[in-house]
Amino acid sequence: MRKTEIKRVHRRKKKHGSTDFTILSPQLKERIATRRNLNFDKKMKNSVSDRSFYIESSDDEDLEKELDNGEDNGNESDSSGLSMNNQNHKQSSSYNTAAWPRSYRKSIDMLGSVPSPSLTRFGSSFLSSSLTRRFTPEAFSTSIIKPLLSTVVDQPQKHASHSHLSLPSRRSSLSVRRDEKDNLAIDSHGLPISSHSSFGQAVANGMNALCGVGLLSTPYAMKEGGWLGISILLIFAVLSFYTGILLRACLDSKPGIETYPDIGQAAFGALGRVLISIVLYVELYASCIEYVILESDNLSTLFPSAHITFGGFKLNAHLLFAIATALAVLPTVWLRDLSILSYISAGGVIASIVVVVCLFWVGVVDNVGFHGTVTPLNLSTLPVALGLYGFCYSGHAVFPNIYSSMGKQSQFPAVLLTCFGICTLMYACVAIMGYLMFGESTLSQYTLNLPGDLVASKIAVWTTVINPFTKYALTISPVAMSLEEFIPPNHPKSHIYSILIRTALVISTLLVGLSIPFFGLVMSLIGSLLTMLVTLILPCACYLRILKEKVPFLQAS
């Protein structure tokens with residue numbers, strides 16, 4: 001049957017000088033489209049192994065050559081359009097698979113996602129790929145070894161041509177492929193996703209990233225900055241919302257940009273990708289140090305007389321609980337499957353609401369009262385307040401992932417506005433209530449000021465203690481996975497090296513936390529140095545670099 005059709009194609013070309021595709025059967029047309037796309041994908045750099053593609057028969061090869069000659073004569077417009085799509089596809093691959101860190105998208109999705117309650121424990125909103133396998137080049141290549149020509153979810157683009165052969169769409173930035181074997185949707189990083197996140201899920205993800213331990217220090221920030229210092233919180237909220245919109249513009253500027261390191265690469269090349277990734281990973285590492293200090297402070301408040309004596313060496317409550325915290329989180333850092341922890345840590349928003357309600361309950365119901373002194377402005381300690389307020393908006397590392405995962409991306413500004421509005425309201429209320437309740441005696445964590453004999457105080461402290469235990473492993477895993485990429489693929493001791501890397505990270509956070517056991521000062525340093533860079537400076541710099549020709553003069557100045 002195919003030979004007969006090939007002969008008809010030859011006769012048609014000799015008579016008319018070009019190939020008429022309309023004389024082909026629908027089945028053969030489909031085979032031709034499939035072969036062309038397979039040959040296109042074969043030419044992609046670092047796509048998959050050459051053995052994934054082969055020519056089934058000499059008849060197909062002859063027909064392919066004949067049709068290619070026909071296209072050269074009469075279908076120049078299709079060739080130019082296809083070459084443009086080829087360039088976009090190659091550019092997309094260079095952002096997602098070429099440079100370190102390749103594990104960023106997967107690891108940040110684990111950190112910032114709130115699993116969907118409508119799915120089973122094996123699925124989530126955009127976190128069904130939460131397995132923390134060692135991320136090496138070999139592991140990455142196996143994740144995309146499946147045929148690149150899978151069923152595309154996006155609507156095919158209609159090319160203007162008389163050939164009547166519809167080629168699949170080549171949208172590379174946000175296209176989702178369907179794995180024929182297990183029928184799972186695959187994103188451009190080769191990672192399976194169950195569905196796009198809705199507006200509610202995106203808001204929950206954003207609030208889960210913003211509402212963290214910074215909430216505990218807002219009364220202390222007001223003490224350090226004074227009443228007028230609360231205006232800094234509002235200014236940071238507006239600026240952070242604006243830079244979030246700038247990140248969206250950067251994501252939409254070129255195909256294939258889906259994460260913060262991708263934005264850095266698009267703006268400043270491979271060096272920009274590496275430097276921005278290092279800044280993001282250092283911020284996550286510093287947050288784990290804060291968790292160790294937080295656990296040590298609150299547990300020693302609950303059990304002030306706890307100690308252990310080894311011969312002549314005595315471990316007081318602070319040292320004891322810091323070491324106990326490191327030992328407790330170490331097995332969770334070794335876990336290969338963090339999906340259970342991701343479900344538990346998704347309660348971070350609920351935990352934040354609980355501690356706010358407990359503070360209000362202690363002040364109003366338990367008659368602690370609001371009687372703090374009023375200090376308009378403290379210029380000497382205002383820089384500390386500046387860093388503490390800045391730390392409250394350290395969620396920009398997750399925002400590009402949230403945007404890329406949304407089903408309706410036009411709702412992203414509304415998602416940001418909702419997240420920043422609710423979180424800023426919570427921060428301001430806690431700052432005012434805490435400062436009015438404890439005045440100049442306010443500590444770096446207001447849970448340390450709560451009366452220990454009250455039930456609401458115990459609930460607030462234990463909620464503060466439990467939450468970091470679930471978030472520590474998810475926060476340190478992106479750092480660990482990025483370092484594991486340097487382990488040679490197929491190394492016989494790769495699993496041992498992975499455990500050693502994760503153990504060393506936990507021990508180092510413990511040592512740093514014991515060396516600098518000042519929760520408020522460490523948080524202020526992180527906020528001033530790292531969060532300001534990630535939230536305010538880098539988005540503006542990348543935006544101006546990527547869209548410099550389209551930025552109005554007033555906006556650029």
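Cβ coordinates are placed from backbone N, Cα and C, and glycine is handled just like the others.
Residues annotated as compositional bias 'Acidic residues' in TrEMBL: 59-75.
Among the features that TrEMBL reports, compositional bias 'Polar residues' is placed at 76-97.
The compositional bias 'Low complexity' annotation in TrEMBL covers 163-175.
Taken from TrEMBL, the feature domain 'Amino acid transporter transmembrane' applies to 197-550.
The region 'Disordered' annotation in TrEMBL covers 59-98 (among others).
Among the features that TrEMBL reports, region 'Disordered' is placed at 159-178 (among others).
The feature transmembrane segment is assigned by TrEMBL to 227-249 (among others).
Residues 99-101, 104, 111, 212-213, 260-264, 322, 325-326, 394, 397, 468, 471-472, 475-476, 478-479, 482, 505, 509-510, 512-513, 516-519, 522-523, 526, 530-531, 533-534, 538, 542 of the same chain lie 6+ residues outside the transmembrane segment (270-293) yet bring a C-beta within less than 8 angstroms of a C-beta in it. Taken from TrEMBL, the feature transmembrane segment covers 270-293 (among others).
What TrEMBL lists as transmembrane segment is 313-333 (among others). Long-range contacts of the transmembrane segment (313-333) within its own chain (CB-CB distance under 8 A, at least 6 residues past either end) are made by residues 291-293, 295-297, 299-300, 303-307, 341, 469-470, 472-473, 476-477, 480, 502-503, 505-507, 509-510, 513-514, 517.
Among the features that TrEMBL reports, transmembrane segment is placed at 340-362 (among others).
The annotation transmembrane segment is assigned in TrEMBL to 382-403 (among others).
Counting residues 6+ beyond its ends, the transmembrane segment (415-439) has Cβ neighbours under 8 Å at 199, 202-203, 206-207, 210-211, 214-215, 218-223, 230, 233-234, 237, 240-241, 244-245, 352-353, 356, 359-360, 362-363, 368-373, 389, 392-393, 395, 399, 402, 406, 446, 449 in the same chain. Residues or ranges marked as transmembrane segment in TrEMBL: 415-439 (among others).
Taking Cβ pairs closer than 8 Å, the transmembrane segment (495-519) reaches residues 134, 217, 285, 288-294, 296-297, 318-319, 322-323, 325-326, 329-330, 333-334, 444-445, 476, 479-480, 483-484, 487 in its own chain, all 6 or more past its ends. Here TrEMBL flags 495-519 (among others) as transmembrane segment.
Look at TrEMBL and you will find 525-547 (among others) tagged as transmembrane segment. Beyond the ends of the transmembrane segment (525-547), by six or more residues, the same chain brings 214, 239-240, 243-244, 246-247, 249-250, 253-254, 260, 263-264, 266-268, 272, 276, 279-280, 282-283, 286-287, 290, 383, 386-397, 556 to within a C-beta distance below 8 angstroms of the stretch.
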